[in-house]
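Feature annotations, reproduced from TrEMBL:
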- 163: active site, charge relay system (ACT_SITE)
- 214: active site, charge relay system (ACT_SITE)
- 528: active site, charge relay system (ACT_SITE)
- 154-568: domain 'Peptidase S8/S53' (DOMAIN)
- 604-714: domain 'C5a peptidase/Subtilisin-like protease SBT2-like Fn3-like' (DOMAIN)
- 1-17: signal peptide (SIGNAL)
């Protein structure tokens, strides 16, 4: 059996103890995403046959080949997708299934786990420290506040939410279900106890979410009614919602169910379909990506979360967000955060603060009760360091000691000097150097340095005390990452080098509705919540521009978005478009700008296939002539690989100021009302950066009109050759530290995991597994048995050769199709074991992204028995952009000798 394996127990930044084989087996079991023998078969539609007859023909052919040993899971009769989901009782019958006429594609059915949010906090009420009392900060970020002021709130637009259902009894979500209600329809495809494997779905007409909460939170982002205790207003609070429950209380679903839900949302007339789920798969060819894209191409807006794999580095994207026509959405952090406040005995506004100990949750009040502490500065004035840099041994347990940055010693030294004095607490202002480890006396950072200076000044005049109320909070600007790309937000581009994500929206620290039984309100973070934000934004645009704007929605939002800075430093360059797409949406601009650009995105490809010449059309749709100034605005260049080309960057994603060269044939153009002009852009690859590190270049060509319109065209490409990059990972040592990495044959009869070295024999009851990872995505991967005496050799470094480890790279994830006819160049083999199509690259850093493992076969892919003998496994992978008929475009790995002997 083929499996996905995610060894999430281990950290790549530290030396690893040997992995237990028992742990390995359990992890294999837990991460077996594909359901054995389950496939979605897409059928060609006949102009002369009814869909029912096409299905009947297929099932008749399958029955003859599989001798009745199968069952039908689903039938799809949509004009968007004609097909059948089947369960083969004998997985080896796939070879027979694939030979049936009129099949377009056969794809495995995988179990999807409901998306895990990056952080989640249930709110106890409007005074909860995690709440954002102001409630409207995300709308200020995106111009939605101005759109609401104009009375535009999505009226008349239907939004289908495919998720865990919606708790429609929540007062802010209407409190009812059915026609005329906010949640007007939907369907439950799964029931409460569906796990994707052993239990069966129990569908019904009630999509209420009472046990999971994800879908209810998504619904609130889109449609929460204004006037609640948290002052939260949905982006499109007058839109009609349709709830499609596809995740059970056990948080499980499957491809065939998710496909059915998309087709149902389409047939129910949803103008917008939003999906906040996915799994690592950067190709646009998975069932979910294909169907989602077709829904969009039929004039419906489809928004999909980009994924939370940001720590995995570049080109680690997910499906269905990889679909060509969908809007994949990245995340930006909320600009406001809520902080507890302290009060002084001298009249002054409450002073917001943040706990300085790293093991404390952000936003919680200091747990010191409300008794007053006397304020003690460690200097008389800012130029007098006083006792700050000297050891202190007197008792300060009743004092709130004020500390600031010093020219003689840092805050860390001052805190160290204070340890013998055991102060009641420490107030730090005018700096925020670091978070302190747990175990210290209470320490807080004052949010405003002026508050610290005030306390010092007043303490010089006489006694000043401070108290820490447990229920006083205020909104303050997010000082750390407000308005920046969320670190968890996945990086693109897709495996086809499409601009993924397409754009971004607020997704970090989002307050929204939650099932009543689970607390009613919660703060969540993830692209799961930036995605529905864009769905709501699209509803506002459709209300104003009409539903005909659906097909151009992505371009409208991209061309009117704004750049996201890479840091809060003055003059910081923009964050790479590989993470934020065209930028942070601005709905007010989308509705009011009178200038259109086409195309909205220029795809440069890689240097092996560089597309540097492009025409940009600028249309003045206003009533007056405008003169446009044209400019190039580069974003930072993302360096995909490290300096030895071994690993994708994690967690410190490296970016460089290495832009492309752009030459425009004009720098200024005047366009009359209703007129258009064409601009020629010639783009050349970046200089001063190593092409072998696959630098991802991106930025914009902007057009600034004399009447205030600003629109832009995004571009993205790779300043290196994907064809030259190694596809199979040979540098990963996570299975057995200092013993080499994968690919490897791994004996499973030892107590600890050790890659096999040298020839070894196995009996049928103690077979090994073969594990590998992908350094790059690949259109085609094959695994064959070859004779042990074969002279075929590896074309990539041996991962068991520790001396050459630093000349290698690492990575993984797979979509598999065993038994299909291979298109790889012919080599002498004993028999085919398995074949994968459109595999994504892997990551040891992103949770849920597995190694691929294969049990050493007792049968070939066509079902015949593997005879006893001496063999090697041969793994082959086609490079991105490679020609399948060119041997040099394939990586080849040949394993250690494996003997299959009688017991």
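Heads up, the Cβ atoms here are built off N, Cα and C, so glycines get one too.
The secondary structure of residue 214 (active site, charge relay system), as reduced to three states from DSSP, is helical. When secondary structure is read from DSSP and collapsed to three states, residue 528 (active site, charge relay system) falls in the helix class. Long-range Cβ contacts of residue 163 (active site, charge relay system) within its own chain (separation 6+, distance under 8 Å): 209, 214, 215, 218, 243, 244, 245, 246, 247, 275, 276, 277. In this view, residue 528 (active site, charge relay system) is surrounded by 31 other Cβ atoms within 10 Å of its Cβ, with every protein chain counted. In this view, residue 214 (active site, charge relay system) is surrounded by 27 other Cβ atoms within 10 Å of its Cβ, with every protein chain counted. The average per-residue pLDDT of the prediction over the domain 'Peptidase S8/S53' (154-568) is 91, rounded to a whole number. The secondary structure of residue 163 (active site, charge relay system), as reduced to three states from DSSP, is extended strand. Residues of the domain 'C5a peptidase/Subtilisin-like protease SBT2-like Fn3-like' (604-714) grouped by DSSP class, helix first, strand second and coil last, total 6 helix, 61 strand, 44 coil.
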